Every structure is written in C-alpha cells, then in structure tokens.
Amino acid sequence: MSTPTQPMPEPGAPVITEEEISLEQKEVAGLSQGQIVRRRFLQHRAAMVSLIVLALTLLLAITSIGWGPVPGWWKWNAYDVVGSPSGQRPTLAFLGIGGHFFAWGDFPFGASGQWGTDNFAQVMRGTQQTIVVVLILGLLTTVIGVVLGAVAGFFLGWVDSVIMRFTDLIITLPIILITAVVGYQFNTRGVLVVALALGLLSWTSLARLVRAEFLSLREREFVDAARVAGASNARIMFKHILPNSVGVIVVNVTLTMSGGILAEAALSYLQFGIQYPDVSLGSLISQYQGSIQTGEPYLFIWPGVMIIVIVLCLNFIGDGLRDAFDPRQKRIPKARDLRKSRQLEAMATAAGPES
C-alpha cells in the first residue's frame, strides 16, 4: 500500500518546518476560537498601530470642537470667522519642525484669508462627518448584505435567482450619479442623505460573499444536526451558519467603509455631496483647491492627510482581521521564539529524570 506524498510547496513560498508548526500549536492549545482570533489580531502590528491611530484621530475630532450640544475644548468652531484678510500660517510645530519640540498655537492648521475660518476646526468638522458616513454605511451594508446573501445562499432556487439578479442590477448603477440625483430630489446635500445613498448601494459585494459562505456551510453536519433537532430555517441561518461567516463579514465591511470614505470625498469634491453651510473633507479639498497658487497649500493638504490616514487605518485593520479570522493563516515563529522553545524543552527534559 503506497503512502500518500506530501504536496510540494509553491515556488517562493516560505517553508514551515514541523518545529514551527508544533510551536504554533502549543501557542493556541486550549484556546477557544474567539481567543485565537483575538490573539492573532493583537499580534498584527500594523493593525494594532492603525487601530490606535484611528482611535486617537476620532477622539481628537469629537472632543476638540464638540459634537452637537456638547461643547469641545477648542476655542472656535467650523463656522467662526477668526482669520485676518491675509490669512494665517499654521502654528503647529513638533519634533523640531518650526523651532519647537511641540507647539500647538492659535492656528495649528492655519486659517483661510479668503473665508476667515480656522482650518483646524473645519478639518475636525469634516472628520466628524466622515465618522457619520462610515457608521451609517457600515450598518446598512451589514444588514442588507448579510440578510440578502444569507437568504439567497440558504434557500437557493428561484429565491437565489431573484436576489442575485437584483444584486447584479444594483452593481450596474453608478453610485456617484445616483447619490447626486437623490440629493437633488430631496433638495438637500447633508451628510444623512449622502450616507444613506452610499449605504443602500454598497452592499452587493458583501451579499455575494455571504451567499458563497452559506452555500458551503449549509451542507455541513452541524446544519443537518440542527435540522434533525427541529430548528427552524431562521434559527439555522442566523444561529448556526451566520456565526461561522463572521470573519468574511467583518473584513468586507471594514474595507467597504474605507471605500465609502473615498466615495463621499469624491462626491463632495464634485459638489454633489456635503456642501455649505456644512463641511466635509471632500468639500474642503474642493474649496481650497486653488490655495497652492495663493501660497496657502496647508488649507488643501490637511483635509487630504486626514482622508489618507483614516482610509489607511481602516485598510490595515481589515488586513489584520482577515489574517485573524483565516484558519489557514500560519504565523511563522521568530528565531527568538524558536530558541526559547528549545531552551524550555531542554530544561524540562533535564529536570525529568531528576524528579
């Protein structure tokens, strides 16, 4: 009887030895699936750094100028006229740039000479609008995509065909054009209309992924056991199958949020999104796109920097979640971890006969 041969590794792929595999198995021994996911995510440095940076950015945006009736610690809001006719250069200095290790000043991001507004307050207001768009977009995408994808993947037949053809129809719709038309029909270009329009059109990729997960999981033994136990279809879908699809859902929603930020910025830049009297990061870029010619490039740069920071953080967090939820992901231990493991095994072997 011939023994099965081991599959050859792909060219360029890292070779994982048995010692490395055993070390990884020791690290996760006795842990639940949730603990393993949390451990892998915490070990993803880029995701953890991005999570901290994103949290600090959102905390600064919310506490600086306040939110709604809650006042902030910054002395101006996004609508106060505080600048001089000649404008005001940024007073923010750090790490020796500007002659100080750190200095905040009266106008950390500068002030507009044409509009007379504090750029820091406006950028923080635009970041708040981004938070609202991200939250509404993520909520709508999750609810619509998960429900439609689950129903299509579980029931199949004509239900699957109708939902997937409807999904194909939504995919063909131009998001920017539809959002602009919706804003014109409601005679408003506020953050709520933009967020709702983006959320109602951004769930298609999640629905397809959830459907694929349900197609593969609906034939598993634990689903058959639930049917034999008398569980209803709704309970099987959302109690037994859906928890096994959380990884795909979380990763896709995170990446969809970053795409929604760019879509909102593009809409506002083209003057189809959030407009005066409110502000967004995209509308600030559109408003100050000529500031480079007037010698005030900081008015244009800071909104763009905030967009880049938030989008990169969400993408890195999504990468970390993908690696954490992927059961096929193998973490190659460092040489220091291998040496430490060998030392502990040697000490245990040496102490064994003595005891």
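For all residues, glycine too, the Cβ spot is worked out from N, Cα and C.
Please treat TrEMBL annotations as automatic predictions, because they have not gone through curation.
The transmembrane segment annotation in TrEMBL falls on one of the ranges 241-263, 264-286, namely 241-263.
The list of residues near the transmembrane segment (300-321) in space but at least 6 beyond its ends in sequence, with Cβ under 8 angstroms from a Cβ of it, reads 41, 44, 46-51, 53-54, 57, 109-110, 119-120, 123, 126-127, 130, 134, 247, 250-251, 254-255, 257-258, 261-262, 265, 281-282, 284-285, 288-289, 291-292.
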